[in-house]
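Accompanying notes for the structure given below.
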Amino acid sequence: MATLRVDEINKILRERIEQYNRKVGIENIGRVVQVGDGIARIIGLGEIMSGELVEFAEGTRGIALNLESKNVGIVLMGDGLMIQEGSFVKATGRIAQIPVSEAYLGRVINALAKPIDGRGEIVASESRLIESPAPGIISRRSVYEPLQTGLIAIDSMIPIGRGQRELIIGDRQTGKTAVATDTILNQKGQDVICVYVAIGQRASSVAQVVTTFHEEGAMEYTIVVAEMADSPATLQYLAPYTGAALAEYFMYRERHTLIIYDDLSKQAQAYRQMSLLLRRPPGREAYPGDVFYLHSRLLERAAKFNSLLGEGSMTALPIVETQSGDVSAYIPTNVISITDGQIFLSADLFNAGIRPAINVGISVSRVGSAAQIKAMKQVAGKLKLELAQFAELQAFAQFASALDKTSQNQLARGRRLRELLKQSQSNPLPVEEQVATIYTGTRGYLDSLEIEQVKKFLDELRKHLKDTKPQFQEIISSSKTFTEQAETLLKEAIQEQLERFSLQEQT
């Protein structure tokens, strides 16, 4: 009979116990009771936070939005077709966040910061919360640096500064996206990082914008965040916050950023869809009660930092679509009240061939001339006044049969100034050329020309000025002031061009 050796057994047991390294972890698990229309209801998950990420057994992720006494309402970040009733759901213990890095420049990504341009994965070592608090009052400073859009009508009369939030509002097909994309094109060489967020748009429209950026060399400093019309409502709702998180990454590194939200009407509609499916009580136009907070917490993240924080900035240009020019609808009034001004695009002006179709009368920038260089202030004041007088006189002229000579001259000048504001798409002008163009119009040099000749004359003048008087651009760009020397050079160029132009017309 074999004898039991107690010390040997003891040694084996000790070795086995020492080798045992199984970790015990606590996981917050729930079970699906209902799923459909991008919403899942879960029982369990007692310790879940509002906005926490959850993971379903088949891999889909979701965000906990409704925390009710009996169940949790989850919005799905995917189609959720494989999720089954009774399957397990695990809380991750994390709020939604995305990776961030310089490697995102030049890429097209979705709301989860995953690349969708077929150019491989993006390597990032850092991450940021999709929703982070806006900078406080103490960390900000007032807007004082101009952000040039390259559009004469905006830079002269509705100036935008770095750190400002300026709404672009108008009916569909009035050129809202064109104004935003031209602004991005004009940032070339300005050391501004641009983020273009496309929400609920057709894939063909987004592809067209990306192609334009590639052709004009703007993709080098631009990130495109795109969620198309066929994307789940949750991802359309998240896309602007993803864009803001990427822009913030650069802003906190003392860089200047520009972010376009195209457009926030579709984000509000996606949020309304989610809220109604979660059975939240509807309010005005069936939007939930917190739809104002949806946009205010997004747009308040745009800021101009003070010198202690490195003077970085994030300029936001949200776009909102109106129905038949109705700016008193719920979403337009909300966003107008949050932003620092609005650029109103009119369908009537667009159809009349005035493009960009900016209605200068009801557009406003609440930052004003603080966001203009001195040279622009010197020439733009007269332009605003003359266009306002022209609009008033034009309305009166419709009913008056005979007008005196002064009024006729004023109307003729106004028509030429309106012609001067027209610009073709993807053709932004540097501020030096804008100053020259406005000066030519407001000083009456265009009065002798036919309206049809104005565009051709100005194009040739800008080229002539660039070729023969390069000192003009140097003076404006270095001193930011319209000096006497600059004015003399410009007058000479205008006179030379008028003579050349009259000879051309005669031949």
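One-based numbering along the chain as shown.
Cβ coordinates are placed from backbone N, Cα and C, and glycine is handled just like the others.
Here Swiss-Prot flags ILE169, GLY170, ASP171, ARG172, GLN173, THR174, GLY175, LYS176 as ATP binding site, drawing on sequence analysis. According to Swiss-Prot, the feature site 'Required for activity' maps to ILE362.
Recorded features from Swiss-Prot, shown on the structure.
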residue	record	Cβ within 10 Å
ILE169	ATP binding site	27
GLY170	ATP binding site	27
ASP171	ATP binding site	18
ARG172	ATP binding site	11
GLN173	ATP binding site	12
THR174	ATP binding site	27
GLY175	ATP binding site	20
LYS176	ATP binding site	25
ILE362	site 'Required for activity'	12
What other residues of this chain sit with their CB within 8 A of the center of the CB atoms of ILE169, GLY170, ASP171, ARG172, GLN173, THR174, GLY175, LYS176, the recorded ATP site?
GLU321, THR322, LEU345, ALA347, PHE350, ALA357
ILE362 (site 'Required for activity') versus ASP171 (ATP binding site) - Cα distance in angstrom:
15
When the Cα-Cα distance from ILE362 (site 'Required for activity') is computed for each of the binding-site residues ILE169, GLN173, THR174, GLY175, which gives the smallest value?
ILE169
Coarse DSSP state, helix versus strand versus coil, of LYS176 (ATP binding site):
helix
